[in-house]
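What TrEMBL records for this protein:
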| type | residues | note |
| --- | --- | --- |
| ACT_SITE | A:S174 | active site, nucleophile |
| ACT_SITE | A:D340 | active site |
| ACT_SITE | A:H373 | active site |
| BINDING | A:R244, A:D374 | substrate binding site |
| DOMAIN | A:69-379 | domain 'AB hydrolase-1' |
Amino acid sequence: MTSFVQQDVALQDSAGASVLQARREADDPHSPVARFGARNPLKLDAGVELSHLQIAYQTYGEPNAARSNAILVCHALTGDQHAASLNPVTGKPGWWETLVGPGKPIDTERFYVICANVLGGCMGTTGPASTNPLTGQPYGLDMPVVTIRDMVNAQAMLLDHLGIDKLLCVAGGSMGGMQVLQWAASYPERVFSALPIATGARHSAQNIAFHEVGRQAVMADPDWRGGRYLAEGVTPHRGLAVARMAAHITYMSDQSLHNKFGRRLQNRDMPTFGFDADFQVESYLRHQGESFVQRFDPNSYLYVTRAMDYFDLAADHGGVLANAFRGSKTRFCVVSFTSDWLFPTEDSRAIVHALNASGANVSFTEIDSDKGHDAFLLHEPELTAITRGFLDSAARAFGLPAARQA
Amino acid sequence: MALSEPVLDEGVVRLQGGRVDLVVVAEMVAPGSRVLDVGAGDGELLELLATTRGCDARGIELSREGVNAGVARGLAVVQGDADVDLAHYPDDAFDYVILSQTLQATRRPRWVLEQMLRIGRRAVVSFPNFGHWRSRLDLMVNGRMPVTDNMPMSWYETPNIHFCTIRDFVALAELLDARIERAVALDSSGHRVRVNMPWWVWNLLGEQAVFLLTRKG
């Protein structure tokens, strides 16, 4: 394992090698994989069955004897199963090392933490970049469109595979938060507590609009080739980079962009009166776009953004969100951030009102932050304290031994 | 009207180390009940109810700092505005709805009380009594709005916008067709005003009041 990681870090020197590595991860990831053969298909919302499903996942910590200390962590749009371990493609630390690890709020010394790459992803769980075992070719657009509920149903198959009957908690931000809500609605008896962060019970029209810009950028790239670029040996990297640039703006706040860059120029004293990246913020976005292309599959971006767009938990329950949680025994802790304009606090408040109306046990807090939507991935002391307090209390109520005092 | 004897003695109250009115409120709540605390602050009462009465206690609190402190302590607290958010709770969702030292800070006290009696069959309300003799004296002698330990802020910076007296509250309870099951008045040192006193004495000596209301019918 270590040698692979070192090898992959060395591959970072060349963007092309990194893309190749990312493609290898789609079929043969650097993490455990659960395979479900032809006899164990996943029935999708699209009305078709997906057989030969494969789910790539990471675990941290150990299950206790009763297997009652499991926490499922759900990743966001472009995340993966490496929540608290080195990413084999980028060589960077896990995306939620702020909260997951020994002694951290999602304490891997107390809890058995599971994180799976989502259905439709490109890090080892079946998605458009995976090889279709029936044809030997990448799925591409032959992959059926998937939903958040499909992702959650796939995770439930993984939990069965791992012998986890009931989760102490399901936690996640943004698209991960959507999965948390879907878990609580689909499998209330398997979820003791739920921590949806910076998320909503449906994707707003504005959010769908931003995603559409991103998808159109990918599909407008001549190298997209109707989704068959993998078979034809090219990558629509320019389109995907533009998609990422547009999306990245929505993850930050005006204030955080201003604090980070203002109107400062990049490596020059005067504007060039041309279209180079004169401003630091331009150069930053270009860098974000380029590094994203090296680790993410363009078709996967189409599928996963689509899954978010289709998400509308109330619509699945007769238009009344409270019906999704009726009779739920799950303890909820809903968290939003003041400067998040992708999933504003009003979205969280709608969830809380529905939970109140269904009589659920719910906490809700809005954290004061100028870091925008991305705040859930960054060091936010209040998020740390709230996550720790909520999980400690849930663990106590679930009958787990108390945390060791530091 | 049945006025009750104190259930906990003053020694126990002292041991709790907290606000006396919270202990008085807590003892009005039957053990194991489902409770909503409106204006939960940092969760002191919620914790008291959960640890000493075994209640399923939830809170709603306006200030972010209060909510975050409560959730970090493992309590179920929702950030929200009582003046608006109580409408989102269904009928009979709780056994008790508590409003502790918050009534005077609500924009619509009557609406809030109506909502409390809709959401829970019982409501417990504690509030500073503006009819206390010192308040009256301040107004009468000095011509100034009173500032006391329980109402420590000047009129121009206090969040309290709807002060009332014990008599006012009793009148509102009658207007809402609620039955007063129990009532306790606390004097300025936090001791209970003796129960065999008439109402006008309570209204004069009580610096704080705690009422247990029941929805009729």
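Yeah, the Cβs are placed from backbone N, Cα and C, and that goes for glycine too.
Of all the recorded positions listed (A:D340, A:D374), A:D374 has the fewest other CB atoms within 10 A of its CB.
Ranking the recorded positions A:R244, A:H373 by how many other Cβ atoms lie within 10 angstroms of each Cβ puts A:R244 at the bottom. Between A:D374 (substrate binding site) and A:D340 (active site), the C-alpha separation comes to 8 Å. Long-range C-beta contacts of A:S174 (active site, nucleophile), restricted to its own chain and to partners at least six residues apart, with a cutoff below 8 Å, comprise A:A76, A:L77, A:I197, A:A198, A:T199, A:L342, A:F343, A:H373, A:F376.
A straight line from the CA of A:R244 (substrate binding site) to the CA of A:D340 (active site) spans 18 Å.
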